[in-house]
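J.: Just passing along the structure, written as structure tokens.
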Amino acid sequence: MDEPESESPASILASVRAQEAQFELLSRALEEERRHVTAQLDRVWVTPQEPPLANGSLTRRQQDGLPFLYTPTRMEAHSVHADERYVIDDSSYKSCTLTDESRCSEIPIQTVVGYSQTLDRPYREAAGSGGAYTTVPRNYHFRGPGVDSTMPLISQSPHPGYSSLSRPNQRYRSVDPFRGPGYGPQPQVRGGGLGGSQSDLLSGRIYGSEDAYGLEDDRRSLGGFIDGPDYATTGRRGANGGDPRRRLRSYEDPLSDHFGSIPTSGSLSSLGPAPLTLAPNSGPWRHPELPEVLAMLSYTLDAVRLNAAAYLQHLSYRNEDVKREVCRLRGIPPLISLLEDPRAPIRLAACGALKNLSYGPARENKMAVKNCDGVPALARLLRRRGEGIEGRELAECVTGTLWNLSSLDSVKMELVDQALYTLTQEILVPHSGWQQDGGMQDRVEGKPRHVEWEPALVNTTGCLRNISSERSEARRKMRECEGLVDSVVHILRSEVSHGLVDSKLLENVVCLLRNISYHVHREIPHAEKYMESPQNASAETQNPSCFGVRRGKGKKASEEAVDTVDFPKQTMPAQGYDLLFQPEIVRLYISLVKSSHTPAVLEASAGAIQNLCAGNWVYGRCIRAAVRQEKGLSSLADHLTHESERVVRAICGALRNLCGDNRNRELIGKHALNSLVARLSSSSAQSSALSEDTNVCVINTIHEVISGNLEAAKRLRESQGIERLVLINKGGGRSEREIRAAGFCLQTIWGYKELRRPLEKDGWKKSDFQVSTAATSSVQGYDDSTLPLIDRNLKNEKKSVNADIPLNDFIADQFTHNGDSSNRLPTRSDELSELDPLKECSVSAGGSLNLGDAEDQRV
């Protein structure tokens, strides 16, 4: 504008200020007009039959001789045009009145669809300005009345937040070099003004609610001026926002806006948590889909990987469908790779996700972890866990994951080979309180040493408990692992001394000791030097007439003279696997039988005694006598009435192996036989309250007690045990195993000549005491090998087989054993031997138990 030289600087300044005020008002009006038009356009359904604009530019109508002109050439220099443009001639106008010193004008706007705009940049509000608005585009020219046509354009000074708008074309994709691939996961950013920062995310902060697992763009600047496209959540700039353009995914319609808009504060969204007033299903952003979460595990930004792993842990919590889908989408490998991440919070979040994914009966995820070398990766993570609370939390998570993995048979040997030594040396030995010099260091600052580490110890012993039910090679490696048996026995001693006889840690420890005691008399080094010959002469078993009163009394007199326990002398304190069969460990087992109320602890304690008493070896003979001297026989017999059948079966197995000592057999017949008979059903019409396995165990124990014990056989007759056995032998819906066991027990009773006449007076016949023909003639594909079954007419009799059953996992399987399964009819006087593991289908008390599902952890 040309001004006379005579005018004062004050008048020039006043004129400039007036023009600036007018320009500001005009800018506000234009911004309001643009927003209104955009809102109308987004509500219009565009049809391809409408005629396009010929000139490719906008048309503005003129009123009162006040034109507003677009310059198409200038616009095209900054714009990406839509392919087709349509005008909806609805004669609708929106006018705005501007008042200044010179003239009042109205600006009519025609409703336009598919107009062209330039690529936008986010507007940053200047300090002290009145509000957040976008400046008028640079290609608008204003001419007012009384102003010379050569008046220079009033130009807004360049502002970092300067912005103009662009409507994306169909399937719009930015060609900027920093834009990620279209098929990749899209970042999600919260609304502005929330106070988050990059330092908060990189320090490992996880937001408090599940809505806070927003996924940030790793290429987005976190502060300051951005001279480029605005990265915002899909749908942030919609019909009501200041920017109609939004970033599109490959499956979205570029002309449809389904989400409301939340303007950003300045040019960027805050990376902080969600505002408390925001509903989870409101419009700012959507929850990421599972494939997107899995893709985010490989993002370059630490905060994205951290939130993705934590969110995946949340999604997989008690959700079997998500676990299967993660396995199908190959989500396990990126999680395992995150275990090597240099940042501890990311490692913890990834391990927590693996912990949840590996929980449950499904085996696919467990196998995927194994096949991706997840077990050695977890072992390495345990070794590099660090110190302090963070290190302890990571140790708990890693050991919990290993415990979950150990419930699958095909992973157990992998754990033995890759994680056994690490678990022992990193967790069990240093935190159990045991010292290699034999000292006791149970307390630190007034607490038992292992209390703070008890969760990690529980997980570790749970994992070892599961893998100890694997084959003999696993048991051998565990017995010979330096410090393992010593630490476990020390924990057992400490728990019993503190009265913690029902804790989960104690349960795992006792089950572990029971399992590694299985076949201990055969599998320890130099086992042959501990072997003994059978106590009873072989001639006793060949003739039924040998079961006489005089022979029984003779054995009793000979055994009463020797009722002492002579454990082998040792020059050095026992350590390692030698601790498994020492008198101290036997006393601990008996103490648990007397004081514990946990079925799993009772079962494991009785099973450990059963394993140690099996076989003809020096320590087996000494332990049978030690149990008697410690009053353990009566304590075991008291649990025959326990409500848990697993406990009853374990007690029966222990009593049967303890009957290898003739003095024990007499005492058990005197004090426990009535309880055994009471567990049998008293009516053939009434179905037994016990399962088939439990009934067979009870009958087999009765058989072992009355073998060579006339007084016990008489007591069985007086307690109506014969009636119950005959009912079972006659059938009445009983299984073949029950009928066969009852038949051989009755045959043993009829073998006592002293009892035949009283039995005949009671109305019994010889046929009532014979083994069922159907039971003996059929091929036995499934044989109860826990009892030495007696068939005196069978030649080539086999050795007796007494049960020695370690805890195993809950996967159902048949009862397996070594050797031939058919016609296993051994005698009572031969060697006490053992069987392979019995696999049960009970989850509550089995040897292999899953760890409880991990709660969402604050990482």
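Heads up, the Cβ atoms here are built off N, Cα and C, so glycines get one too.
Pasting the feature list from Swiss-Prot:
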type	residues	note
COILED	15-44	coiled coil
REGION	226-254	region 'Disordered'
COMPBIAS	243-254	compositional bias 'Basic and acidic residues'
REPEAT	279-317	repeat 'ARM 1'
REPEAT	320-359	repeat 'ARM 2'
REPEAT	363-401	repeat 'ARM 3'
REPEAT	402-446	repeat 'ARM 4'
REPEAT	464-503	repeat 'ARM 5'
REPEAT	513-552	repeat 'ARM 6'
REPEAT	574-614	repeat 'ARM 7'
REPEAT	621-660	repeat 'ARM 8'
REPEAT	661-700	repeat 'ARM 9'
REPEAT	701-746	repeat 'ARM 10'
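Mind mapping these onto the model and telling me what they sit next to?
T.: The repeat 'ARM 2' (320-359): residue composition by secondary structure is 30 helix, 0 strand, 10 coil, according to DSSP.
According to DSSP, the secondary structure content of the repeat 'ARM 3' (363-401) in residues is 32 helix, 0 strand, 7 coil.
A mean pLDDT of 93 is what the model gives for the repeat 'ARM 5' (464-503).
Mapped onto DSSP helix, strand and coil, the repeat 'ARM 7' (574-614) counts 34 helix, 0 strand, 7 coil.
Beyond its flanks by at least six residues, the repeat 'ARM 9' (661-700) meets 535, 555-556, 559-560, 563, 621, 624-625, 627-628, 633-634, 636-637, 640-641, 645, 648-649, 652-653, 655, 706-709, 711-712, 715-716, 719-721, 723-725, 727-728, 730-735, 737-738, 741-742, 745, 784, 786-787, 803 of its own chain at Cβ-Cβ distances under 8 Å.
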J.: Go through 363-401, 574-614, 621-660, 701-746 and flag the stretch with the largest number of C-beta pairs under 8 Å relative to the repeat 'ARM 5' (464-503).
T.: 574-614
J.: Taking the repeat 'ARM 10' (701-746) as reference, which of 363-401, 574-614, 621-660 has the most Cβ pairs under 8 angstroms?
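T.: Most Cβ pairs under 8 Å with the repeat 'ARM 10' (701-746) come from 621-660.
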J.: Which sequence-distant residues neighbour the repeat 'ARM 3' (363-401)? Criterion: at least 6 residues beyond either end, Cβ under 8 Å.
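T.: For the repeat 'ARM 3' (363-401), the far contacts come to 323-324, 326-327, 332-333, 336, 339-340, 344, 347-348, 351-352, 354-355, 357, 407-408, 410-411, 414-415, 418-419, 422-423, 426-427, 452-453, 455-456, 459-460, 463, 851, 854, 857.
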J.: Using DSSP, how many residues in the repeat 'ARM 9' (661-700) fall into helix, strand and coil?
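T.: Residue counts for the repeat 'ARM 9' (661-700) by secondary structure: 25 helix, 0 strand, 15 coil.
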J.: Summarise the repeat 'ARM 5' (464-503) as counts of helix, strand and coil residues per DSSP.
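T.: Helix, strand, coil within the repeat 'ARM 5' (464-503): 27 helix, 0 strand, 13 coil.
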J.: Using DSSP, how many residues of the repeat 'ARM 8' (621-660) fall into helix, strand and coil, respectively?
T.: 33 helix, 0 strand, 7 coil
J.: Run through the repeat 'ARM 10' (701-746) and tell me, per DSSP, how many residues are helix, strand and coil.
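T.: When I sort the residues of the repeat 'ARM 10' (701-746) into the three classes, I find 35 helix, 0 strand, 11 coil.
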